[in-house]
Amino acid sequence: MDMEKLKEILLKAKKLGFSDKQIANLLGMDEIEVRDLRKKLNIIPLYKMVDTCAAEFEAKTPYYYSAYETFVYKEQDESNPSDRKKVIIIGSGPIRIGQGIEFDYSSVHAVLALKEMGIEAIIINNNPETVSTDYDTSDKLYFEPITFEEVLNIAEREKEKGELLGVIVQFGGQTAINLAMKLKNAGVNILGTTPENINAAEDREEFSKLLKKLNIPQAEGGTAYTKEEALEIAKRIGYPVLVRPSYVLGGRAMQIVYSEDELIEYMEEAVKVSEEHPVLIDKFLEDAIELDVDAVCDGESVLIGAIMEHIEEAGVHSGDSATVIPPQTLPKEIIDTVIDYTAKLARALNIVGLLNVQYAVKDGVVYVLEANPRASRTVPYVSKSVGIPLAKLATKIMLGKKLEELIKDYDVEKVAEKVWIAKPKYVSIKEAVFPFQKLPGVDPVLGPEMKSTGEAIGIDKDFGRAYYKAQLSANMELPIVGNVFISVRDRDKKHIVDVAKKLHELGFTIYATEGTAKVLRENGIPAILVKKISESPNDNILKLMRDGKMHLIINTSSGKKAKSDGYYIRRAAVDLGIPYITTIPGAKAAVKAIEAVKTGELSVYSLDELDARIKNRF
């Protein structure tokens, strides 16, 4: 085929919206080869301005989209790169379960930091529902897909004039992080933690080697490329195991597996989901307390923004579990160990910017579950809880500022050489916000696969009041009087006794199914027997719920059976707007909240007043 004909076909494909990657797949080529060919043929995107003022007067803060509409390039491109120093921030793209609006918070704070430093802030994002894509947030906005092709196109265009200092990938969630190495190989400077160190944290085998070298405990595990390897690893470390594909966000395709049959079934599903990456198998630490830590590092000094204790048990995805700052049940030696491990990891990975580390504590041993060399979904929560803008600090560090200088204005405590931790003034609780009302038929039970799409915060002087506020913020108003229905799986029956006892003391009337009612009565707690759905199709718990006689539902899942009684009860609670709880730790926290509200007032602050109190201004 002659070059003119090739040029005509390739241009037509680009006009129709085919990406370089799609064209490469169709032709059996590499994406870079298609890119090089396209550029050789002078098929280059131009950027058109969206006039935010509708031609009424000149747009001062325009934003752009790409188009392939002509061979004439320079005359029709409207992006007009400035001659300033500039930085590109990659946004997080569409909101979906696992990657939500929380990441946009970090992108916006990065823009604010760059503006304070006199550097032009350029955002690439394609989600109109975010603050970062408001045309007056950044100096320049490119409304483009978060892909290697589009980011590199924009970087090359902006390099033509002024000084492009680099690209920030830390604030765009996993989508942006996955582009780091390819962009570096294409000659783009990645600001902050290097792509090699990002990979050392993201690649499970590399990270496992690092933990061994640092003498930091980790849950036993392995990487399987076949069903046979998976069965062998699970047999070696013992069931239950947590299985998941590599490189995921939001716990997609993640599952706790209790037997060989379950594992075989999972492998047949997950390997199809994840052909490019192997399946990871870890020992599941039952009844462990999970922790999250958000930290900022300049390669040497470390600031720990907060240690967050998960309220739900291990096995509930970190994005779905309620968390509390400061930790409520951990002894000082555990806190000290977590601080030590976080600082060691930050330095070993040479983190420049943000780091999130997830831990599990079992039998006094602190295990590292994973480290994420990027902004986590908890950065807004931590920043608001302790009054320190972590994303802002991280951005300034990426551009050469030293952490020790930046934290002088904040209330932090030095806990080791070049290690500080923020001092929270209040109890702050994050609660997940779920979309179940908009998803008919979905079981609201919590597990390792993430289901939430947002989060809310409750802040007060003690745990109970803060938890009550967090539930209110997440659209779940806990009752302080009324009827409670309790039905829990066998392994939870001994743990529900204290919860039921407290609810009875607080004046609630308890309804329960046969097995749960028997255990409660044996422990001196009166319970009204309610028939299961399968026992009586017309006179059962669902009828009581529909008649408005139930004010709180406590129901834990009994297993994998898709349409169990528990499923119908939980689903009815969602549809009828009845507060429901699906974990024992969640039930214990709710009881503390109800007791706190029954015995005292909730503290009420304006946002300005609360912000000033958190920052120690009065």
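A Cβ is built for glycine as well, from the same backbone N, Cα and C atoms used for every other residue.
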(request) Have a look through GLN218, GLN358 and flag the one Swiss-Prot assigns to the ATP site that ARG244, LYS283, LEU285, GLU290, GLY315, VAL316, HIS317, SER318, GLU370 belong to. (result) GLN358
(message) For a quick check of understanding: among the binding-site residues GLN358, ASN372, which residue's Cβ has the most other Cβ atoms within 10 Å?
(response) ASN372
(message) Taking only same-chain residues 6+ apart in sequence, whose CB is under 8 Å from that of GLY315 (ATP binding site), what do you get?
(response) LEU242, ILE256, PHE284, GLU286, GLY447, PRO448
(request) Select the closest residue to GLU370 (Mn(2+) 1 binding site) from the following binding-site residues, measuring between CA atoms: LEU285, HIS317, GLN358. (result) GLN358
(message) Just to be sure I understand, if DSSP states are collapsed into helix, strand and coil, how many residues of the domain 'MGS-like' (476-618) fall in each?
(response) 67 helix, 17 strand, 59 coil
(message) Return only the integer: C-alpha distance in Å from HIS317 (ATP binding site) to ASN372 (Mn(2+) 2 binding site).
(response) 15
(request) Using only the Cα atoms of ARG244, LYS283, LEU285, GLU290, GLY315, VAL316, HIS317, SER318, GLN358, GLU370, which the record gives as binding ATP, return the largest interatomic distance in Å, rounded to a whole number. (result) 18
(message) Just to be sure I understand: of ARG244, LEU285, GLN358, which binding-site residues have a C-alpha no more than 10 angstroms from the C-alpha of ASN372 (Mn(2+) 2 binding site)?
(response) GLN358
